[in-house]
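Below you'll find the structure, written out as structure tokens, and then a few comments.
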Amino acid sequence: MESLKSPVFLLILHLLEGVLSESLIQLNNNGYEGIVIAIDHDVPEDEALIQHIKDMVTQASPYLFEATGKRFYFKNVAILIPESWKAKPEYTRPKLETFKNADVLVSTTSPLGNDEPYTEHIGACGEKGIRIHLTPDFLAGKKLTQYGPQDRTFVHEWAHFRWGVFNEYNNDEKFYLSKGKPQAVRCSAAITGKNQVRRCQGGSCITNGKCVIDRVTGLYKDNCVFVPDPHQNEKASIMFNQNINSVVEFCTEKNHNQEAPNDQNQRCNLRSTWEVIQESEDFKQTTPMTAQPPAPTFSLLQIGQRIVCLVLDKSGSMLNDDRLNRMNQASRLFLLQTVEQGSWVGMVTFDSAAYVQSELKQLNSGADRDLLIKHLPTVSAGGTSICSGLRTAFTVIKKKYPTDGSEIVLLTDGEDNTISSCFDLVKQSGAIIHTVALGPAAAKELEQLSKMTGGLQTYSSDQVQNNGLVDAFAALSSGNAAIAQHSIQLESRGVNLQNNQWMNGSVIVDSSVGKDTLFLITWTTHPPTIFIWDPSGVEQNGFILDTTTKVAYLQVPGTAKVGFWKYSIQASSQTLTLTVTSRAASATLPPITVTPVVNKNTGKFPSPVTVYASIRQGASPILRASVTALIESVNGKTVTLELLDNGAGADATKNDGVYSRFFTAFDANGRYSVKIWALGGVTSDRQRAAPPKNRAMYIDGWIEDGEVRMNPPRPETSYVQDKQLCFSRTSSGGSFVATNVPAAAPIPDLFPPCQITDLKASIQGQNLVNLTWTAPGDDYDHGRASNYIIRMSTSIVDLRDHFNTSLQVNTTGLIPKEASSEEIFEFELGGNTFGNGTDIFIAIQAVDKSNLKSEISNIARVSVFIPAQEPPIPEDSTPPCPDISINSTIPGIHVLKIMWKWLGEMQVTLGLH
């Protein structure tokens, strides 16, 4: 049975939780409502695909229900259908559902370049993911032998997405040493199976007998895989291998394998997946059901033309700080460039009342855009009635279309204590409201409108040189348009000039963009002198000046030349800003994009806000970019953060194209804006991107009628960056609100060093331990810690639970380096304390100058393994064997490096990744 409308207007308050995910999902009486599964623009029309999606969710719901102790099930799902597909009577217009906030994206290829199911997740353990990626072939059941049934795999990915748990297998190293014996990485450890040698040639693999232990390393030799037995008694764990028939549960505290070197142990402090799920808000607000849940219902929604109404404040306070004119400058950019061709746009202004400046007009030409620009307000007076503006905008939209799925861009600088009176109307409208708070006095309730409708919330101060207002409007591309239609910001900068000074610089137009390129310049008093040259040195003419609005713009015809576009702008005693935007040069070549994310839209001091920027070209991550966040407070103070992709501090995974940093420099309560700058340069070497962490398990093989059968080799995406990258991007990251910041200066130091997450250990000889890690800071990942506490134990659980009483290592002479630096430290184990086969676990805690301590680091592990002696070789035998060097990397727990010389000299090195 299908419901014709998606009840998205009910899915409101959950959006207050945070913004790592823009999901509309709400948990209502144990059922997940508002799930959005979007079929990407590149997927050819295929009605069977819709049925495949329905079948997967319908079959997954009871599996999820039983796996979670009768707590959760899938209640209703909206399937978002591309505009290019043929319209049908059962397809209705979306409300708040967009491709941008989709929970599941169905695309012809996954971000891995193949059919592997995968979940985007950039946050910490327990934080929600961004979205799940599936392919049509996977949904059609064409990958059953590689990934297992679609419904079970979907529940596996749902756990990544909704509860922030991680895989309990290891795709890179499938075995580890425990008490001197090799064990398959699995959870629970009660899962039984065969250790088989897999031989692959071309596109097929066969089994080649039982695995053999390497007498030097203690691990199995290369090409050994663990193949689970078909009949098991163990019910866990879904995050290990949900394809095993008996597996219907998550690992719990009782059966969790804490020693296994997997991401769940590494990222979640050895906790089981069920322990993490139990700490989620979902779990806390539910109790087990006593009856079976109903089957999911589905709504089929088809994307249509974009419908936008500008709702602009022209009250008396807009005279302050030239706000009315600045609003018109930013609105001009939106109308000229940001809003996509073919969109319908209207305009309403408001003070104490509201006024229709333009009914909905379709933008099919430059003349259509210019006509709307002429309706921008020129006079400001009166009070502020935000609800009047919204009601009038709904009326304007309803004259042409239903308000479902329409958008409102609401800008205001004033207080309005009646704004909550139209909240119900907004919820019922099905419209998405983007809010722009201008200046320090904008209504504090303003963000509620964007939060309850899934819109973008932005903030601009009156510091004109930061160009925040233009950035806010530049960020308002459609959440449903294909990326090739999006306006992409290449540059945004401003400067205060004196005495005929110049603003000089260059903008990079890379090969992925160049269409509809626009240079927009604003000033505050008199028109400046403007020079722009293309990469060939040809001066550009054709600037259009509007001295009333104090803006000039140049639209580059055709596709802009690739290279450096230079500019020189001269002025005196005023502020200039420059904004450059463009679009994809080709519909077939994805443009390089920057997607900013903050982990919360309300930050309560002293909890830090985490700023992320994902830089990609299509599905491929962009590495080694220079990425900076500019964060501006309500006081006008700006803080510049270098975002890093180093796998330390706020950054979860090294070299995945996601750049991260903690923000702790709060100076006041109120709004903070976020802006990202990204610059790519020449790469001097081939840099390999890290594979995504939350991939579905590829099944190496299975047992059928007592025989082991092997799958073809796992499809691998190299993600090798082997070309020069030269690009520039700017993007607004929206805004967040800080609360609980102390009013009195100086603000107390309440921020400890961040957790060390990349501790690695190795042992040389029989007693020299080498440690490496990335230095934390005094305040999370900023500054310099004061000292380190290093402790060790032969019990991984004791070290975690009783760190303060574990054996402490002498760290005399260890002086912490600046945050993000590499730390190296060596210490000796005492005498013959640890015998052969002993596992030694090591962890670090950082301490700052206020004696605030970080969380305990990830736990590094070394194992003392002494190979059996070979019988002596007679003197008349062949010459001694040459040196042997063996390296085996085990991400998540240990790096094993063994060097053995025939003369009896031995080095055993084990360390943690």
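Don't overthink the numbers, they just go from 1 along the chain as shown.
Placed from the backbone N, Cα and C atoms, the Cβ positions cover glycine too.
Annotated Zn(2+) binding site per Swiss-Prot: H156, H160, N167, in sequence order. For E157, the entry in Swiss-Prot reads active site. As annotated by Swiss-Prot, domain 'VWFA' applies to 307-476, with the evidence given as sequence analysis. Taken from Swiss-Prot, the feature N-linked glycosylation site applies to N504, N770, N804, N810, N836, N887.
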Subject >> CB-centroid shell, 8 A cutoff, Zn(2+) site H156, H160, N167, site residues removed >> reply: T119, E157, A159, V165, F166, M239, N694, R695, A696, M697
Original post:
Expressed to the nearest Å, what is the distance separating N810 (N-linked glycosylation site) and E157 (active site) at their Cα atoms?
Top reply: 44
Original post:
Just the number: how many Å between the Cα atoms of H160 (Zn(2+) binding site) and N770 (N-linked glycosylation site)?
Top reply: 34
Subject >> Neighbourhood of H156 (Zn(2+) binding site) by C-beta distance under 8 A, where only residues 6 or more apart in the same chain count >> reply: P117, I238, M239, Q242, A696, M697
Original post:
Given the model, what does the mean pLDDT over the domain 'VWFA' (307-476) come out as?
Top reply: 97
Subject >> Where N770 (N-linked glycosylation site) sits in the secondary structure, as DSSP reduces it to three classes >> reply: strand
**OP:** Do me a favour and check the Cα-Cα span between N504 (N-linked glycosylation site) and E157 (active site); whole Å is fine.
**Re:** 49
Subject >> recorded positions compared (N167, N804, N810, N836) - highest count of Cβ atoms within 10 Å >> reply: N167
Original post:
What does DSSP say about N504 (N-linked glycosylation site): helix, strand or coil?
Top reply: strand
**OP:** Select one residue from N504, N770: among these glycosylation sites, choose the one with the most other Cβ atoms within 10 Å of its Cβ.
**Re:** N770
Original post:
Which number gives the other C-beta atoms within 10 angstroms of the C-beta of H160 (Zn(2+) binding site), all protein chains shown included?
Top reply: 25
Subject >> Residue pair N167 (Zn(2+) binding site), E157 (active site) - Cα distance, angstrom, rounded >> reply: 10
